[in-house]
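Heads up, the thing below is written out as structure tokens.
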Amino acid sequence: MEKVKQTIRAPRGTELQTKGWVQEAALRMLMNNLDPEVAEKPEELVVYGGIGRAARNWESYQAIVDSLKTLESDETLLVQSGKPVAIFKSHEDAPRVLLANSNLVPKWANWDHFRELEKKGLMMYGQMTAGSWIYIGTQGILQGTYETFGEAARQHFGGSLKGTLTLTAGLGGMGGAQPLAVTMNGGVVIAIDVDKRSIDRRIEKRYCDMYTESLEEALAVANEYKEKKEPISIGLLGNAAEILPELVKRNITPDLVTDQTSAHDPLNGYIPVGYTLEEAAKLREEDPERYVQLSKESMTKHVEAMLAMQEKGAITFDYGNNIRQVAFDEGLKNAFDFPGFVPAFIRPLFCEGKGPFRWVALSGDPEDIYKTDEVILREFADNEHLCNWIRMARQQVEFQGLPSRICWLGYGERAKFGRIINEMVANGELSAPIVIGRDHLDCGSVASPNRETEAMKDGSDAVADWPILNALINSVNGASWVSVHHGGGVGMGYSLHAGMVIVADGTEAAAKRIERVLTSDPGMGVVRHVDAGYDLAVETAKEKGVNIPMMK
């Protein structure tokens with residue numbers, strides 16, 4: 001991948017570079033994904049998650065930009081793995097962009113085949129929100145991480161993480177949410193990363209409190225704050241596959257243990273034990289096969305240490321990076337003895353059609369987001385947990401790129417919020433249109449047996465029809481852009497997932513599209529969990545009037 005040093009920043013304000021606000025939204029969100037405040041390696045088009053890109057290469061990026069600038073409001077741009085391949089006449093209510101990223105026929109759905117294609121310039125890895133142009137920086141995963149640690153606190157520690165120590169690793173675009181999510185729940189956290197730049201970035205954006213290269217200092221500070229029952233987050237420079245076994249050897253057992261290193265990609269995401277970043281980069285280039293094997297061996301040691309801590313009483317869970325699968329494939333037969341975070345903590349929310357709903361102010365004016373915060377506090381005042389989240393986010397979350405907000409809203413709530421936002425754009429309360437989207441990690445848009453659909457009640461973990469149906473219904477209902485991806489979060493061969501974005505531009509046509517899309521999208525989550533036999537989903541469907549032909 002050619003590195004290009006240019007600073008990309010989404011335009012602000014109300015002046016259009018395109019032929020309509022939906023096209024403008026797609027253009028600005030693509031550019032926002034590559035804003036240096038947002039992207040992990042913008043010079044390589046990498047947004048987050050190892051090699052999760054916004055476009056296949058710089059030539060494709062420029063062609064997408066040019067296409068969006070000339071796209072008519074009754075045309076649809078097709079993007080295949082980060083490359084624009086066609087513009088077809090469609091209609092005004094159709095999506096302006098349809099994206100398919102990283103999809104491979106199942107027999108060939110592995111990293112080796114993907115890398116062959118990538119080397120030939122035929123494919124890119126879109127992760128989840130990188131290739132679908134709706135990444136908003138670390139805030140995008142923050143509330144989900146906050147909810148996860150909050151539920152862990154409710155189940156195991158009396159409702160708060162006060163006086164507890166969490167140990168984790170990985171402070172990239174996704175994992176970087178962990179320190180703040182733990183301290184928001186009142187706890188102490190040591191978060192390990194092998195890359196000083198990642199820790200520095202989290203400290204700069206106020207997601208992490210302090211930096212150290214000393215395990216002794218990290219433990220001393222952690223114990224001091226744990227005893228005081230005060231929150232603090234400590235970024236520790238080092239390799240988790242060395243530090244966790246060392247803690248086991250010393251008989252030090254944290255209260256909570258998890259991991260968000262980029263273990264989904266053994267070549268580009270994980271650094272083997274004993275290598276500096278520079279040495280790892282050299283080996284990756286010279287002998288990728290040996291690199292991958294060393295990575296897998298390190299991951300196995302990492303998981304062995306997590307299992308040892310679990311045996312000693314630590315609440316241990318997988319945070320969706322597929323590290324258990326790698327260790328299992330390397331011969332660690334009890335790798336799955338600790339659960340994934342979705343079955344352990346999140347699935348009840350999915351049954352209610354809840355998930356990581358997000359919106360972005362195309363104006364670039366933070367005041368537009370603060371006004372939408374007030375809508376949440378007013379319209380959902382009975383949901384104290386949600387309102388607490390909004391108040392904390394306002395105080396503690398620094399915007400990256402275009403101002404944005406995330407909060408978990410459920411079936412019925414998303415459509416209600418979307419209607420209000422569109423009205424606020426129409427009457428001038430908000431200074432420009434708002435982009436509404438979500439992560440692919442949502443209630444009805446992903447099939448991922450080691451993460452979102454792990455341990456489904458009916459054994460349907462690997463059924464991948466649901467994300468396809470999700471993308472189809474969102475497209476026909478008029479989402480502004482829709483994406484279908486493979487391999488996000490857990491790597492090649494382990495997931496299929498779909499994304500959608502809808503633009504609130506204040507028009508009556510947008511109001512109708514918003515009503516349809518923000519009903520069917522979370523509705524798919526309720527439907528998927530009803531089909532799998534979850535009582536809470538059945539209750540939700542009956543209460544909300546979701547039409548499911550064979551529901552008992």
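Yeah, the Cβs are placed from backbone N, Cα and C, and that goes for glycine too.
Sequence-distant neighbours of Gly49 (NAD(+) binding site) (same chain, 6+ apart, CB under 8 A from its CB) are Tyr125, Gln127, Met128, Ala130, Gly172, Gly173, Met174, Ser262, His264, Asp265, Gly269, Gly488, Gly489. Feature annotation from Swiss-Prot assigns NAD(+) binding site to 49-50, Gln127, 173-175, Asp193, 239-240, 260-264, 270-271, Tyr319, Gly489.
Of all Cβ atoms in the protein chains displayed, 22 besides its own lie within 10 Å of the Cβ of Cys407 (active site). What Swiss-Prot lists as active site is Cys407.
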Task: Other CB atoms, at most 10 A from the CB of Asp193 (NAD(+) binding site) - done: 29
Open item on the list: I'd like to know which of the binding-site residues Gly173, Gln260, Ala263, Ile271 has the most other Cβ atoms within 10 Å of its Cβ.
Closed with: Ala263
- [ ] Indicate whether Gly49 (NAD(+) binding site) is helix, strand or coil by DSSP.
- [x] coil
Open item on the list: If I take the alpha carbons of Ile271 (NAD(+) binding site) and Cys407 (active site), what is the distance between them in whole Å?
Closed with: 33
